[in-house]
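To keep things clear, I will list the structure first and then write my remarks on it.
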Amino acid sequence: MAETFSATLEKCSANLPAHWLTCDWAQGSLSWRSFSLSDRLLPAQGWKLHVSAGAAEAAGMYSLVIPRLLQLEAAFKVARNLDDVVFINSGDGGVTQLGKVMTIYPMSDHHAREIVLEVDRVWPRSRGPEVQSDLHIRPGSAVSLRYGTFTSPTVVVNESGLYEFALCGSNGTLVPDRRQNQGEQPQLATPPPIDGCRPRQHPVKLQVPFIANEKEFVALTSLSESPSKQIFLGLAIDTLQSVIIKVGIPGVAGDHRGLDVRDRLRKEFSVLSALSGEIGLAPRPLEWFEHEWPIAVTEDFRGRIVAELSRAQQISSLTSLAHAVVRLHGAGFVHGDIKLENAVLRGQHVGLIDFELAEHEGEVAGVGGTRGHLAAEVTADAEAAFSRDIYALGGCLAHACLGVPPGLLPAGIGKLRGFLQLEGLQPAAKLISDLCHADPVRRPSAKDAEDAISVRITPLSSRSITRGWPSSREDLNWCRRSSIGAGGLAARYWREQGGGGWSNDHFMRSFICEGINIGAAGIVLGLIAIETALNRSDFSGQILQGAEWLSARPPLGKAVGFFTGDAGVAVALALCGQRLHNQKYLVAAKKRFESACANSRELDLFSGTAGVLWAGCILNDILKASWPLESVRDRVQHINRYLRNADGIPVWSLELGSDVSYLGCAHGSAGIAMALGCWGQRAADQDCSEIAMRTFQQIAKQGPTEDGRALRMTADSQRHHAAGNWCHGVAGYLWAILQAFGDTPALREEIDWAVGILKEQPSVGTPTYCHGLAGQLELWRMLSGIRRFQTFAAARAVKVARALRCAHSKQDGACVWVSDDPDVVTPDLWIGFLGPATALALHASRSCWPLLSGEWLTACCNSESRHGQDMSVVGGKKADTNG
């Protein structure tokens, strides 16, 4: 099938007239081929057309449609490989990308109408999904159209610091070119060249009864929604029995064989029917409805999702999970997606859910699965084998022992073994080697896996994690080498063409960004920090390039935040100005900061006014000037104008009754309290200091989850991130306290509570500052400056540094780390490889100052202040050295 697809595209691309040009290019994980005319200049925006096709029919669509487009002299692009078509239609690239296998760029509305009519004539319907962002020429048509940018020369930045291509109105107004679900078009769009209708919506609506096979059901609440299906908790009206209702979205998740979500749901229903005699193993099937939108109704398989249990409970449940796999294999089936999220603890036994990839052993298995649980031999047309589930059990073992889904970690069984060994879990490391052996034949049977887990793994549920070790010279030397190598590698991302700036490979890869989270400001800060910590000057050229580029650019306007906008850029420019004695950079810093103070639209630390306030405090420290504090004085009043209480916790929200009341550091109360505390310390504002203190106290009192193991994301939810995360976790909460007040006796109880939780967390996660190990390393460094934590925290910092060593890979001979997406390597500070590199450099220097603090950045201003740091100084306040 793939060969036929490639041959068809090559045939369509061969012997083109001289004025036709083709270009192969990649965008993230997708590969495209563009067809353009050398003598035509496309309009900047207009009605673009999309043509949908399933993977099994895409070659046929190309052979019919491409010759017509060449005759009509219409520029277009197509997915270059069959795997690209599968990916587009899977929904993994987002619901608004579904079906967009071909995109056509007409020269005018008249041209667009001509193309639509001709393409619809030869390709009226498709087995692919409907394009959700477009208008369709009739319900279910394969051809659709959307008003959007063509050449994308103009960019706007929103309040959250996200870059977007812009449409231009007749009066010059710029608005983001956003792909809206349900076919909604921008207000400035011209009338469509042909009448259109919005994409069809599935028939199941909340609280509205529907009939399936002459039985009546009603959906009560939505449990989950993905591009391929929506799952509801519902009610069978005749029996008043609670049920699960799955509604498939036609054409989504189609593979090269032509099987899509309909076939998966039908297969799942068939497998569940065959397993109905295995009591407690899987949900009982109730109704299959072969509608235009396939609907499956099953038993409400009540229990506790194993992935949501405590680490000890997860480990204790592994034997029962393995026994469920034994029962499934005994019935002759391969599940295809064994993971803790698909395991349900019901009493003392574990059952399984989500059988969409299940198949009889020996039959051709469906494409798909979960990263970190998917064996390398599972490819298209592979036969379903029991060994596939055994490999996935290894992923479950890693998830339970490490507390992190393995799909979020750098790829490789060797890395999982390394993380397990760091935690003192050698039996688990040995067993995962067996369960995930590269040779499927050498993996144990499900029964042998169950026995091994029962004997070797279940006892680990009561074992404490490894505390850490003293630092060694070899450890510190590796930290230095890896930091220097990563810093040098960042130069490879500098754009010599196109105006400068560092490119990124994250979700903003289409743009050259400026912020600390993603962009030049963060990269400059990271490079300066590595140089300062290691007393080197390897990156002077990069730093100068970045400072020149940032100083020449205008303020971002709406984007004001510390991590995503002008406030953070101002800090980077001010540091460069002080360090390089460059007045131009200082002037540019002040201009940026004034823009940030004038345009605040959000409240949080990451993207809003609290970040501007914090930046003012840091600028005050770096510049030894009062104007930054004076500039943000009215911002304090602005923040406190929106203070309210949610379940006893101070929260800030722009709209009364808003359902967004985050508690963590990046976007919630802890981060805002930190900014107010930093201001209160510098401006002698006792009221703000008291608000900050009270906020930290109430978060510790009212904010933990029911089991006390984590911090709730919002005041009205039990949802939570991993405790070790900076953004929404306990780690970020503690970091905020130490930044604002240091080890103040007034918050000792709260500090000790947070440290107590973090001490029990494995040193594992993504490598980044925002969500993982770099942030954890910084926090343990900070705690090592507090006498009563010093020995333990220093040892834990060594352990986290070794975890980063385990997580690294090599690129061009230099150490790098993946981002939060294990497929992405990008140089950025907060979610890229300069985060771990900077954290390791500061660790090697034995500093206890946080990277983004007035103390550390002041030390970065000149070489004379790089030595003799006071280890008892944390967050600008003298630590309590009495223990």
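From the backbone N, Cα and C atoms, a Cβ is placed for every residue, glycine too.
Pulled from TrEMBL, these are the features on record:
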- 176-199: region 'Disordered' (REGION)
- 217-457: domain 'Protein kinase' (DOMAIN)
- CYS727, CYS770, HIS771: Zn(2+) binding site (BINDING)
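Around HIS771 (Zn(2+) binding site), the same-chain residues at least 6 positions away in sequence with a Cβ under 8 Å from its Cβ are HIS721, ALA722, ASN725, TRP726, CYS727, GLY765, ASP820, ILE831. Residues CYS727, CYS770, HIS771 make up the record's Zn(2+) site, and a Cβ search at 8 Å around their centroid adds ALA666, HIS721, ASN725, TRP726, HIS728, GLY732, THR768, TYR769, GLY772, GLY775, ASP820, TRP830, ILE831 from the same chain. The average pLDDT computed for the domain 'Protein kinase' (217-457) is 95. Every protein chain considered, the tally of other Cβ atoms within 10 Å of the Cβ of CYS727 (Zn(2+) binding site) stands at 24. Within the same chain, residues at least six positions away from CYS770 (Zn(2+) binding site) with a Cβ under 8 Å of its Cβ are ASN517, ALA666, ASN725, TRP726, CYS727, ASP820, TRP830, ILE831, GLY835.
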